[in-house]
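Single-structure report; data block below.
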């Protein structure tokens, strides 16, 4: 961790919100936020606010039937005024945009990465992540919040005898966080202002045991080297550990 | 008002939530619920929860340009798990359903009914009503909440010198409430349980001065007569007066 | 009825087509207008001309199956040159507009309001209302014409032993008419010219016994009060009675 | 013409409607059928009934602007119960089917084939052919009827000084008719019953001077040889001459 | 054939690529061009290059099931840079254009015209014709190439015991070629440069026995008479015979 | 590189095609594969075959106008029978799938990562990557091939005086390769058979200078740790170097 510290303190980095380079924004996870879904979570990471619901259904999509295995899928969307300018609704435009589909698929893969499909049995969990307010990191907040909503839905399913044990379905927990390089400095958990200025931008999804489920790094503005990658992954590891602590705390209180 | 009282007390109506037949559900109006929109309101009518945002833009749709007049439009949508069973997203299905369009148009007409388009000038207000939790009366809650969001957006526009006076743009306030006949008894403000059993179902939108902007009554299950209509309108008048008091109170506190 | 008379005669209202304020346009209902459909009606209300067909099928949409009940549904559309300017086809634009869906749903509700679904049995009636020429009141003419087409389809179904008795399926007849306030004067049955100038515009659908199936009043331009509502409903009642007489006459002749 | 006679009389062909093999169905062309369009024609060929409207607009599609030339385009559609079973609306299905597009394009080409685009000037004619009742030959009836509607629209345009001379815009008249081989016998003007049994099916569009604008012959069920082609073209020539006489007669009466 | 010769030699026609008026462009048919499909052919007609694949599946579309008959269908498409200007993808535009659908349907009819659906049994062949480079005649090259791909798929099906005999399924071979009149001269096999200048343009699909499956002639720019039609059909007959020789040669080599 | 060697030789890995774990499939890059596009490349990586075209246009999308900067965008698609089972066309389904959009966006980002938008000036390059045959690694082959096509388009643009210098537009070269862990063994360049069995799957896009443009690693089946990540990145670095040598070689020959 020395390397990060060094790099970050060199220029006495001042982030717009006063955070240290390796500091997360405040995280608040509210369970049972609405009543209808089997799992319903509001996750707030700084000003980013995402409503994550988990719908448990004892049926499967056709292609998965009679496999003895379950399925987990996810859909992500933004409300029109989650952003500072109004974004036209995808329903009105008549199609789901590329960014939305890319993120929906990412969330689905991350959650499936920690689910034992055999233990889930022939049941489906549909995760819906709707961004109420967007200030950067909406996809990573979605992964982190969706995990908590999924656990709640699994507990509900256990209580209603759809599955034997919620604990056995989740092989591990999963969270995600963004990291990036801004003006040459690696940073953890970028708000919109930083994200739009990042040379390199990376979303890292990790399990509780510290392994990677998904790494997506992109450098449209300036390529990054192996050393920078190392520092970014260190930052992401630190951030994900803290997010997983917040998940555990939220799931303990009931 | 004697007629209603009589009718309602005849059989000592017991509503599932213990309310009297002419009693509204508790209403909570939270302004500035999110930060990005010019107007952002969370309205809660019992368990029904709608996020209403108002976007003010100093541009007009093409067909309205150079008219010297402004425009107000609205879009309504439900999040997938606002309902007890998951509803497929209209963006994913690739089209906006008939019910959604019908409600969006209703909200737009109600709000336009109290706006002085000349005073608004060549500016546009887009209202977005997204249902986070649905327990009946989502379209009427949308109208009531959207009015408050619109006033906030107009105040913002006045502060930013886009319009001269927010007060002059709104000719009056507007709210809406549902009424219906259940097992022969007229009732005010129907939650989902009652709504689905109603013989007749009516949404009434009124101005602060007590006039009608919109009446939509439908009797798929049993036609209603002129006398019943009268009682339903009395109930709606009472409900709208109380909703307008809640609007005024919310708009006073700042 | 005194009130209407008074109001109307005050200023010696001159309607563009010379009608009195409480006078319908000439109505012509032609049955068996085309040969393929089980019911096929051309209804003409002044210059408004709508082709209404009723398709009887002994199958149901999936969600209604095994309910022991029938179903009635409706679709409304305008031909491109029903209007004075050409309207682009909704098929070409790739989606059905909000107005079209709103009207289709209205027609469906009105017809379902007089059908005994049990007597219909597990059969479906699809009503198609295609406007050949539009001069105001197309949705109300559609309801009035669709009822006649539906009766013909039911008689066909009785003759072909799909249902026991056409008479038992229809609990009552149904018609619809528009009313509105123009320059402060309530008027019956508005052609396009009047409709576009109306302060308040209301469509009223009534049964033969004089009860309401659907009331849709909208006041985008000037709210209306309880007294005006009363006069409008009186006018609508008069109009619907005359339309129902025309329906009866058409159905008697065979 | 000997060849046809021989072939047809060999087996004393009995057509279901009693016609001779080289006989057209009765043709009725009604002009000014509706009031709004610049040209409005109802064409009836036997039981086939098509409403053809021509919309004249003094504007062009963007790609044609500033060319000094006009444009003619066509759209064809079927009402849901033009057919014996109800056909789902293309607007509701969200896309225009292949058959519809193929026919729309055919009609457009046929009409453009007789129009002098320079004489038309920078104006557009949009032809809409909506089938009210379908009994075979709807596309050929559309071509024949659309020509009459187009002439009316051009006369309107001349009267309103959009073009100098309607006569100079149409280089010739155009009509179309179907021919086919049924049980080895060539036939003119096939109704649905014959069309569905045809081994070979051909639509032939001709000018008044007897030249071809469009030939579309298809032999999904049995290929046809050069001699059969000759007979079919003779039949089509006879039919088109008679249709053009009907067009002339309709256009003469005013 | 004298007539053609005469006509063509009158003015010593010089085609841009030096060909005689009745001369095909060089044809190259490459079988087994890719490995996955049951039949995969690259056909090159001059610079026009089309990849034709045939997919054999032992299932049928729902409407064809339990008929004892097979089905053959085709889809045509252009890659974005098959043309000299980039054409937007139809997938991105969200709908298949009219030209594409028209051609897909044409190819399907041509191939079905030589298939014995009973001998094919309850199996389906899907032909995909993707234009890699377009220089006129893409639809006719598609028909010619698709036939070869279909034969390969049938041989595969025979080897895998899905059908008894590939030979019995094809009643005859089929090919197609374009002809047209340019500056008054009939020509065989038009490249793009000629096609865009043609007064009349015709696509002719013929069986090996010299009969017609499909004739599509269109004369948007100048009608054609019966004599010209005769010459065009002579040219097409000559071209198709040569194309069928190329098909036979390709299918012989293995 | 010791670590990889050790790991790979431990169990004497036998890949289905006999390659060593750190060995690329044979790469063939064919330039000027078709004539119309400014850049046209066929890239073959083993059996995977992608046609990459680059379209240079001296216009920009509206949002980018008057910025002084160019733009680079990409679209990826699969032909229906690139795969062993036929895939339905996205044009026919009416929408572009999530996987397609995700890959199109990835390719665009990779290419933009090496382009100097200022040097490109107000011009656009559209890359189209159409998969003719798919055997794993289609997205990475697309990146590698698209780079070569883009260079050809830039050289064309220089020759046609749309840009000053093709060399100045490309800041570096870019290629991409897939790596993955199969049965616990890291492998380079996975064909379909391996890809479908991979526990972890990663696509790595690198510049000629050895920096990363894009890393996308996903572990739906088993998370991966930091050490495994290191080995995968070593393999990807080796593969990309070899691919870049192939690019250079192809671009040198002219």
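Along the chain as shown, residues are numbered 1 onward.
Here the Cβ of each residue, glycine as well, is placed from N, Cα and C on the backbone.
According to TrEMBL, the feature phosphate binding site maps to B:99, B:137, B:138, B:139. Residue B:137 (phosphate binding site) carries neither a helix nor a strand DSSP state and counts as coil.
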Checklist outcome for this item: Quick tally, other C-beta within 10 angstroms, B:99, B:139; top of the binding-site residues is B:139
Next on the checklist: Counting only residues 6+ away in sequence within the same chain, which have a CB under 8 Å from the CB of residue B:138 (phosphate binding site)?
Outcome noted: B:48, B:50, B:76, B:78, B:82, B:103, B:131
Next on the checklist: Using the CB centroid of B:99, B:137, B:138, B:139 as the phosphate site centre, which other residues of the same chain sit with their CB within 8 A?
Outcome noted: B:76, B:103, B:131, B:134, B:136, B:140, B:141, B:142
Checklist entry - Tell me, how many other CB atoms lie within 10 A of the CB of residue B:137 (phosphate binding site), whichever protein chain they belong to? => result 26
Item to check | Subset of B:99, B:137, B:138 (binding-site residues) with C-beta under 8 Å from chain E | outcome: none
Item to check | Conformational class of residue B:99 (phosphate binding site) under the three-state DSSP mapping | outcome: helix
